[in-house]
Amino acid sequence: MNSKLIAPSILAADFGNLQRDVEMVNNSEADWFHIDVMDGHFVPNISYGMPVIQAIKKHATKPLDVHLMIEKPERYIEEFAKVGADIITVHYESTVHLHRTLTQIEDAGCKAGVVLNLTTPVSVLEDILPKCYMVLLMSINPGFGGQKFEEMTYNKIKKLRKMANDQGLKTRIEIDGGVTDKNAKALIDAGADVLVAGSYIFKSSNQPETIKDLKRLINS
Ligand code: DX5
Ligand code: ZN
């Protein structure tokens, strides 16, 4: 069994105090930095790109988990690797030759993962699963933080964990969107092992404590 991880989403950080928030994550019990890249085409929002990731990398002491919500991500893989991505996930819906794009990520020296939108069934991963270090299941429609968690996610996690088990794989399953202390444990029990949390962590009054509590909850 994989260890259970927390990846705070930098999208919810205070960009005017980015170094402070990066250091908060460094000094907390969090495991990865979750970094959302949005292009205004694949999702109806624009976030940040390479220069901001490079700035985060300068201070971060934990892996950068870069979630690309961009059309044709294959155009930029090497650049994201160069500015410090450790894990790169691409949406199944955003790239035509998924196998080639995952190979490109591996060749750039990163761990490769696939993201599924809410209504994309996990069955599309059947053949590509052995090549995925991780699968990220969206539990909201991507584009914005602070949205409500969609309950249909539980079933998708269970199906995906069964698919991985049947293939003898320990694929990491990451959940992104609306994660709080109310659903964290149930997500882990369903078969997830990495939880992204943005608003829940950054809007709390004691962020390191919130991370610590989440970690305790998912490892209990
Ligand atoms: C949204 C992003 C998420 C977002 C999650 O498209 O992929 O990572 O930051 O934010 P919360 O945890 O606030 O739902
Ligand atoms: Zn994300």
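Using N, Cα and C of the backbone, Cβ positions are placed for all residues, glycine too.
For Asp36, the entry in TrEMBL reads active site, proton acceptor. Residues or ranges marked as active site, proton donor in TrEMBL: Asp176. According to TrEMBL, the substrate binding site annotation covers Ser9, His67, Gly143, Phe144, Gly145, Gly146, Asp176, Gly177, Gly178, Gly198, Ser199. The feature divalent metal cation binding site is assigned by TrEMBL to His34, Asp36, His67, Asp176.
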### Summary
Between the C-alpha atoms of the residue listed as 'active site, proton donor' and Ser9 (substrate binding site), the distance in angstrom, to the nearest integer, is 9
### Task
Pop the Cα-Cα gap between His34 (divalent metal cation binding site) and Ser199 (substrate binding site) into the table, whole Å please.
12
### Query
Which of these recorded positions is closest to Ser9 (substrate binding site) if you go by CA atoms: His34, Asp36, His67?
His34
### Query
Cα of Gly145 (substrate binding site) to Cα of His67 (divalent metal cation binding site): how many Å, rounded?
13
### Task
Determine, to the nearest whole angstrom, how far the Cα atom of His67 (divalent metal cation binding site) is from the Cα atom of Gly143 (substrate binding site).
11
### Message
Between Gly178 (substrate binding site) and His34 (divalent metal cation binding site), how many Å separate their Cα atoms?
### Response
14
### Nonlocal residues around His34 (divalent metal cation binding site), in sequence order (Cβ under 8 Å, 6 or more apart)
Ala7, Pro8, Ser9, Ile10, Leu11, Asp65, His67, Asp176, Val196, Gly198
### Summary
For Gly143 (substrate binding site), the nonlocal same-chain Cβ neighbours (under 8 Å, six or more residues apart) come out as Met38, Val43, Pro44, Asn45, Met69
### Query
Just how many other Cβ atoms lie inside 10 Å of the Cβ on Ser199 (substrate binding site)?
17
### Cβ-Cβ distance under 8 Å to the residue listed as 'active site, proton acceptor', same chain, at least six residues away
Ser9, Ile10, Leu11, Ser47, His67, Met69
### Where Ser199 (substrate binding site) sits in the secondary structure, as DSSP reduces it to three classes
helix
### Summary
Residues sitting within 8 A of the centre of the His34, Asp36, His67, Asp176 CB atoms (divalent metal cation site), not counting those, run Ala7, Ser9, Leu11, Ile35, Asp65, Thr89, Leu136, Val196, Gly198
### Summary
Around the Cβ of the residue listed as 'active site, proton donor', other Cβ atoms found within 10 Å total 26
